[in-house]
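Working notes, structure below.
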Amino acid sequence: MKDLLQQLTSHYRLTKEEAKEAMLAIGNGKINAAQVAAFISVYMMRSITVAELQGFREALLEMCLDADLSEYDPIDIVGTGGDGKDTFNISTLSCFVVAGAGIKVAKHGNYAVSSSCGSSNVVEYLGYKFSNSKDVLRKQIEEANFCMLHAPLFHPALKNVAPVRKELGMRTIYNMLGPLVNPALPTYHLLGTFNMDLARLYGYIHQSLNSKFAIVHALDGYDEISLTGGFKVISNQLDRVLEPDDMGLHTYKAAELSGGKTVEDAAKIFIEVLENKSTRAQKEVVLANAGLAISIAKPDISLFDAIATARESLESGQAYECFKKAVK
């Protein structure tokens, strides 16, 4: 690893195979914490290549527990995190709205590293029980149209980098990798990125995998559709910038999307959205993301119709019913 680190500090780009071997070595605990921190830091100072990202992804999937749920044709809705925006849990709420519309969801998530409350924090606080049992996950996705794969339970290799990530307290290559290494192997993907370069990288990765996907990046930095302005969409069908009114929705201020300072704050907003008692801004930003997700899983309907489907799921209480079944 010393030699590799020396090469990396001299602007060397890893091949796919070298990247995979490096990630396997880290995951298997063969690299000390100082070297892990140095390795991670390289990618905080320069952009990652497609080959490196592919190699890292392959290594993490090779080391993860089997949880293949592809027979259910599920979707994952996930952002990289690390955008520094501290929004409420938009992607996770969108999952339940999509589930309420009859689409299976296999959500890959984790505790917060660089924000106040991650997807795992809020669903656990509200009563969801994490499991890495395939039988439990099958039961959940069959009964609630939703299951959550809490990353540390499926990626034991991550335990070797968790302390370093926590100490760094900022986005790292692992933020980039999280959305790419869902052990459920979902059929459909809605991925949010914190910058445009990563959106393009994700696009290349998913095109090479023949995935059914959409990647979003809000032009003002959010890793999801924020309705605070324009946002880029890269998908099997689209590669363009959309505005909120292209979806029949309104534009909002960043402050209207705040997730609060604590898990309790985030959980309060979460339930208010599911009970259809939230602010219009909170409701519409969830509908925007859920609507785009529905349009990926149902490409034969328009984006407007997909948003209408999302609205029906939320306003009818079906989204909340899926949540209650998931946490029972």
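Every residue number used here counts from 1 along the chain in the order it is shown.
In case you wondered, yes, glycine gets a Cβ from its N, Cα and C as well.
According to Swiss-Prot, the protein has these features:
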BINDING   Gly79, Asn110  anthranilate 1 binding site
BINDING   Gly79, 82-83, Thr87, 89-92, 107-115, Ser119  5-phospho-alpha-D-ribose 1-diphosphate binding site
BINDING   Ser91, Glu224  Mg(2+) 1 binding site
BINDING   Arg165  anthranilate 2 binding site
BINDING   Asp223, Glu224  Mg(2+) 2 binding site
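Shown here: features listed in Swiss-Prot, placed on the structure.
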residue : record                                              : contacts (Cβ under 8 Å, 6+ apart)
Gly79   : anthranilate 1 binding site                         : Ser91, Pro179, Leu191, Gly192, Thr193, Phe194, Asp223, Glu224
Thr87   : 5-phospho-alpha-D-ribose 1-diphosphate binding site : Tyr222, Glu224, Ser226, Leu257, Ser258, Gly259
His108  : 5-phospho-alpha-D-ribose 1-diphosphate binding site : Asp76, Val78, Met148, Leu149, Ala151, Gly178, Pro179, Val181, Asn182, Pro183, Ala184
Asn110  : anthranilate 1 binding site                         : Gly118, Ser119, Ser120, His150, Ala151, Pro152, Gly178
Tyr111  : 5-phospho-alpha-D-ribose 1-diphosphate binding site : Gly118, Ser120, Asn121, Pro152
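A 10 Å cutoff on Cβ-Cβ distances gives Glu224 (Mg(2+) 1 binding site) a total of 30 other Cβ atoms nearby, all chains included. Every protein chain shown contributes to the tally, and the Cβ of Arg165 (anthranilate 2 binding site) ends up with 21 other Cβ atoms within 10 Å.
In this view, Asp223 (Mg(2+) 2 binding site) is surrounded by 29 other Cβ atoms within 10 Å of its Cβ, with every protein chain counted.
Just so you know, the Cβ of Ser91 (5-phospho-alpha-D-ribose 1-diphosphate binding site) picks up 26 other Cβ atoms within 10 Å once every protein chain is counted.
In the three-state DSSP scheme, His108 (5-phospho-alpha-D-ribose 1-diphosphate binding site) is classed as strand.
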